[in-house]
Amino acid sequence: MRVLGIETSCDETAVAVLDDGKNVVVNFTVSQIEVHQKFGGVVPEVAARHHLKNLPILLKKAFEKVPPETVDVVAATYGPGLIGALLVGLSAAKGLAISLEKPFVGVNHVEAHVQAVFLANPDLKPPLVVLMVSGGHTQLMKVDEDYSMEVLGETLDDSAGEAFDKVARLLGLGYPGGPVIDRVAKKGDPEKYSFPRPMLDDDSYNFSFAGLKTSVLYFLQREKGYKVEDVAASFQKAVVDILVEKTFRLARNLGIRKIAFVGGVAANSMLREEVRKRAERWNYEVFFPPLELCTDNALMVAKAGYEKAKRGMFSPLSLNADPNLNV
């Protein structure tokens, strides 16, 4: 089964073609990072306009390699995300499905990120615990044997990725905050400053990062002579401590020995290092997608579309974009 996947939920325009849920035929992504850097974050209308410009170019490139008539299913993200951005990819996918007379599958963006880890690890089987951690989401999920997903914890305010972006802005490091803090923190001392770990000892599996960000703000207003590298490293350590502790606690309490980390923040080098150290110490299996599958991409959409199509779970062409879609 050949699936065409389209991803336009935020600021990456992506098109991919995947055969039988595992063989990559085409994979194109255009990032808008440089476009949004001058604004210090993603501007929804600007993102949508660039999707309108970039998506036809990527589709043309894809169809130069893959004859359109060989596509069996068209899949696209329909939420969650930015409504204008979502509509660009969703409308294009529906139009292609109609013109090619092929079935259409609407894909949940969060579920697609989870599928990225299965794409990268074909032998991986549930049950497993998944931490979805990105600029828009911080959620702890359980994936059952039937691949159904249940959210057991989530952020009550900012996502971890949002906290990285906001603290990077406070430190004058620019956008996007996750990669730049990761890079700068390598030159700093993560034990230099003690920032709070909100909700770390809370019995729930929920998160809160707004207070941590505010703590950094007050620190910068109060202190003089600090090194940006030390602040970045200490802040990053606080975020990683929270993510690692909550995730392993859920896995331990559920009796599940396999854990996956997905989403843009799953590319963070300190998170990967701390997870692997704890997994080795406590004898857990941990899984990360490769870096290129952590950030938004169309391969994960094609994979999710394949899994739904395989089960006959097609979507009506009346399906609308849902910026607040839940798992």
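Using N, Cα and C of the backbone, Cβ positions are placed for all residues, glycine too.
Positions annotated as Fe cation binding site by Swiss-Prot: H109, H113, D296. For M132, V133, S134, G135, G136, D165, G178, D182, N268, the entry in Swiss-Prot reads substrate binding site, with the evidence type sequence analysis.
Where Swiss-Prot records a feature, it is marked here on the structure.
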residue	record	DSSP class
H109	Fe cation binding site	helix
M132	substrate binding site	strand
G178	substrate binding site	helix
N268	substrate binding site	coil
D296	Fe cation binding site	coil
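The two recorded residues G178 (substrate binding site) and H113 (Fe cation binding site) have their Cα atoms spaced 17 Å from each other. In this structure the alpha carbons, written CA, of M132 (substrate binding site) and H113 (Fe cation binding site) are 8 Å apart. Of all Cβ atoms in the shown protein chains, 19 besides its own fall within 10 Å of the Cβ of G136 (substrate binding site). If you measure from the Cα atom of D296 (Fe cation binding site) to that of S134 (substrate binding site), you get 10 Å. The Fe cation site is set by H109, H113, D296; from the centre of their CB atoms, other residues of the chain with a CB within 8 Å are E7, S9, T77, V110, A112, S134, G263, N297, M300, V301. When the record's substrate-binding residues M132, V133, S134, G135, G136, D165, G178, D182, N268 are compared pairwise by CA position, the greatest distance found is 18 Å. The Cβ of H109 (Fe cation binding site) has E7, S9, T77, G79, P80, G81, D296, L325 as same-chain neighbours under 8 Å, each 6 or more residues away in sequence. Same-chain residues at least 6 positions away in sequence with a Cβ under 8 Å from that of S134 (substrate binding site) are, in sequence order, H113, S159, A160, G161, G263, G264, V265, A266.
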